[in-house]
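Encoded as structure tokens, the structure appears first; notes follow it.
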Amino acid sequence: MSKSIEQFPKDLSSPLIQIKSSVEKNSKLHIKELFALEPERFHNYSVKFDQLFFDYSKQRVTKNILEQLVALAKNKQLTQWINRLFSQDKINCTEQREAMHWALRLPSEYSKFPELTKQVHTQLQRMYTLVEKIHAGQYRGATGEVIQDVVNIGVGGSDLGPHMVTHALADFKVKTAKPLNVHFVSTMDGSQLSDLLHQLRPETTLFIISSKSFGTIDTLSNAQTVRQWLEKALGKHDRVVKSHFIGVSTKAEKMTEWGIIPDNQLLLWEWVGGRYSLWSCIGFPIALTIGIDGFQQLLAGAHAVDEHFQNTSFERNIPVLMALLGIWNNNFLNIQTHAVLPYDGRLKYFAAYLQQLEMESNGKSVQRDGQKVELDTCPIVWGEVGPNAQHAFYQLLHQGTQAVSCDFMAPIQRYNADHFTYVENAEALIEQHHLALSNCLAQSRLLAFGNEALDAAELKNLPIYKQYEGNQPSSTLLLKELNPYSLGMLIALYEHKVFVQSVIWNINPFDQWGVEKGKQIADQLLPILNGVQNDLSTLDASTRGLIKILLGKVDG
């Protein structure tokens, strides 16, 4: 249990004090005992909504603890905060901005915010027009050839979200007039770009410069490199930049200054946080892959969760439950690391996406009022595709000394839809899907129940190094199938989970000041490494020593 809870005043009616009392009474209860005490536990601790099923029966909670967690949420005025989120309030207090990513998935006919909805759909329609043109083979490069490769240049929210979704929904790739491939480049060292450019033809390649500020050095350095690559092959003509670059940013003037024509500029707004931006024109690579209908289904799934989040009681509200269970594990059971374990290879990049969403949002130590936080905030979030993880770090989960909470996720159905091109192999592939599902269930069962999950005869003479303690809590999210709609739902669940936890911790989840200063210090060091400046006197001894090695002034 977080020691900071001891700092709270001893008001016996305080939800925190009541929960602390429950910890003292229930901390030694094993998950297997919770199931023994409550035969209907699976039914009582699970929620079905639309295409999602959420099972949290393997969490170390009781009915009484859940009631107290809900009371804590109410005490923190969660309902009022949800209402503020879904308004035009500037709840991003440190930057004096709204946080209206939810507006990006409003249906076009939504009447509550007509002007806002119109703004959003105007930009989406401009994106859809470009998508249709590229898909039809009508968008041509400087030499008149049809574009067949599109490279998204971005970093952080301009890369992680679009990359994750594009990979996850590759089965839903639409047919185009000519084959179209979408690629992603993010690293500032040029390694990804170097490998990729060898595979591409300048005449048929289009680049998306995706940067909210249009000032991110990682992105602009890659953009400048590909510009030189294009101009070397096609000549330094205005039509090269005009035909081979599309920009996505809040800064139209910066895109124009760089050379991107207005027709190729897609806009978003300051109230769209980078890690919440895949629903906007930052999602251009997604729409290029799964088509306009697919992209609209992605938005519709997220909007369905927005409605669920706003209109469902906390006791049956999936993102609220996910958040409160995380609070329970982190702040009361002292479980400060959380693993994300999808049992579907298409969700390969989901854990990396969640790392930014959760840790950049809630990795804070200062409250909204400027005071230090009273509770530990975001746990370490990590993970991997489940079957691969079983051969990497499950040893630690099962028999290590660290307490870890886990989210398992899997689709119920796979390899049975008309759009799959490998129907002739469906029977064997369905068996492989069942193999993945059986492993997903087996691992969550063993983590929860430990030796109880083993055969009694086997356990009788089992040496201690082969035994399992169990009691590692987990939730399981099942999707009817992995499609644009259900993936939109899944992502929005985690967005709102993050928001709920920020309310409990009283922090601002929509800024990222911890990211900014490192970039500024890098800007100060770059002239030294480039030989333009040589004054190292203001630097610490370690940084001075490393710079001298990098410049070849001393041996490493």
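Positions of Cβ are set from backbone N, Cα and C atoms, glycine also.
Straight from Swiss-Prot, the features:
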ACT_SITE  GLU360  active site, proton donor
ACT_SITE  HIS391  active site
ACT_SITE  LYS519  active site
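Features per Swiss-Prot, on structure.
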{"residue": "GLU360", "record": "active site, proton donor", "Cβ contacts under 8 Å, 6 or more apart": "ARG275, GLN512, VAL515"}
{"residue": "HIS391", "record": "active site", "Cβ contacts under 8 Å, 6 or more apart": "none"}
{"residue": "LYS519", "record": "active site", "Cβ contacts under 8 Å, 6 or more apart": "ILE217"}
Q: Would you identify the secondary structure of the residue listed as 'active site, proton donor' according to DSSP, in three states?
A: helix
